[in-house]
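Record features (Swiss-Prot):
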TRANSIT   1-24  transit peptide
MOD_RES   Thr27  phosphothreonine
MOD_RES   Lys51  N6-succinyllysine
MOD_RES   Lys51  N6-acetyllysine
MOD_RES   Lys72  N6-acetyllysine
MOD_RES   Lys129  N6-acetyllysine
MOD_RES   Lys129  N6-succinyllysine
BINDING   152-161, 185-187, Arg297, Gln308, 365-369, 394-396  FAD binding site
BINDING   Ser161, Asp269, Met270, Gly271, Arg272, Gly393  substrate binding site
MOD_RES   Lys208  N6-acetyllysine
MOD_RES   Lys262  N6-acetyllysine
MOD_RES   Lys262  N6-succinyllysine
MOD_RES   Lys306  N6-acetyllysine
MOD_RES   Lys306  N6-succinyllysine
ACT_SITE  Glu392  active site, proton acceptor
Amino acid sequence: MAAALLARASGPVRRALRPRAWRQLHTIYQSVELPETHQMLLQTCRDFAEKELFPIAAQVDKEHLFPAAQVKKMGGLGLLAMDVPEELGGAGLDYLAYAIAMEEISRGCASTGVIMSVNNSLYLGPILKFGSKEQKQKWVTPFTSGDKIGCFALSEPGNGSDAGAASTTARAEGDSWVLNGTKAWITNAWEASAAVVFASTDRALQNKGISAFLVPMPTPGLTLGKKEDKLGIRGSSTANLIFEDCRIPKDSILGEPGMGFKIAMQTLDMGRIGIASQALGIAQTALDCAVNYAENRMAFGAPLTKLQVIQFKLADMALALESARLLTWRAAMLKDNKKPFIKEAAMAKLAASEAATAISHQAIQILGGMGYVTEMPAERHYRDARITEIYEGTSEIQRLVIAGHLLRSYRS
């Protein structure tokens, strides 16, 4: 898969690299520049987004259209399984590479970005970390090429941020587990071929009684709720998963019984880097839109960019974007180097999501009336940005995570 990405590059960067360089990756960078491998990846993903995603983004949003052909092409490039080892069909890259690719794909189409994020971080991530060899062969390899994608079922109608309060149950019965309950707000639900599902196997133990399961889709006893009509990221389906005596094999449990809450929290820690990167892509394309418009819109005999008030807005937008990008890349590098990254991932997700909302808001202000109509993409960027402050941990949850780690460091 890494070779597929390599083949898309051209010029001196490609000639200077060999496939082996993809496996060397990075340690801690002493330079402000990205390694050549990552620069090449960035350009490859940018070219793909400009050719394949920018032209369809408005249609995807308007028609709630799942971009199946583009997702398939992304699978062929390794973008749906970026840190999955090559022997399992993945690209075998690192999390910094994933963050870079996620930003560029999301810059082209935010809906496609979240489809990519869920498959990489939330579906494949926990199986890679906690799955057995047999589970990886069954539940990872078929989900790397774009033929199949997965989803992650944690939230419920009665709990979102309170992830430990699962009311969905799984009881052991012979050689099976039987699931009952409803999971809510499941991204990719209507297109997914499998789900990582969290259910209580012992309610008396509260969050220590939650377990994780691998569930094929479709399967008897599992039905899908209606597709939610959302404000943004409308090309990615969101729906409930409804379990009614849904029977799955005993070996479908991921990890050990009672490990589900741990698996969920560690998965979300990784996923926040992906969502931060999605937010960066939305913020970048909103800034691009604002600058392009302001350079060409004449007012008082000159382009808008000659006005100090517009320059100040653009400067603030760029500052927020670049600051969030550095936080995101740092979190990814810490993870790649097996250093603690939970606080940094929360900071990245918080900074990037709030930057995306603020930047897309200011982009509309710069465009004025043109920012409020669908003729321009600014209003779509604003709608797409808003969810990044909500899913995979709200901004309030990120602040709790950051404060908790900060205070523990002072008290230790």
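Here the Cβ of each residue, glycine as well, is placed from N, Cα and C on the backbone.
Between the binding-site residues Ser155, Gln365, Ser155 has the most other Cβ atoms inside 10 Å of its own Cβ, all protein chains included. On a Cα basis, Glu392 (active site, proton acceptor) lies 11 Å away from Phe152 (FAD binding site).
Nearest Cα neighbour of Lys262 (N6-acetyllysine) among the listed recorded positions (Lys72, Gly158, Lys208, Lys306, Glu392): Lys208. Each of the recorded positions Lys208, Arg272 was scored by the other Cβ atoms within 10 Å of its Cβ; the lowest score goes to Lys208. In space, Gly368 is the closest of the recorded positions Lys72, Lys208, Arg272, Gly368, Ser395 to Lys306 (N6-acetyllysine), judged by Cα positions.
Sparsest Cβ environment among the binding-site residues Thr187, Ser395 (other Cβ atoms counted within 10 Å): Ser395. When secondary structure is read from DSSP and collapsed to three states, Lys129 (N6-acetyllysine) falls in the helix class. Neighbour counts were taken as the number of other C-beta atoms within 10 angstroms of each residue's C-beta; across the recorded positions Asp269, Glu392, the minimum falls on Asp269. If you measure from the Cα atom of Gly393 (substrate binding site) to that of Ser155 (FAD binding site), you get 11 Å. Classification of Thr187 (FAD binding site) by DSSP places it within a strand. Neighbours of Lys129 (N6-acetyllysine), defined as other CB atoms within 10 A of its CB across all chains, total 13. Secondary structure at Gly158 (FAD binding site), taken from DSSP and collapsed to helix, strand or coil, is coil.
In this structure the alpha carbons, written CA, of Gln365 (FAD binding site) and Gly271 (substrate binding site) are 31 Å apart.
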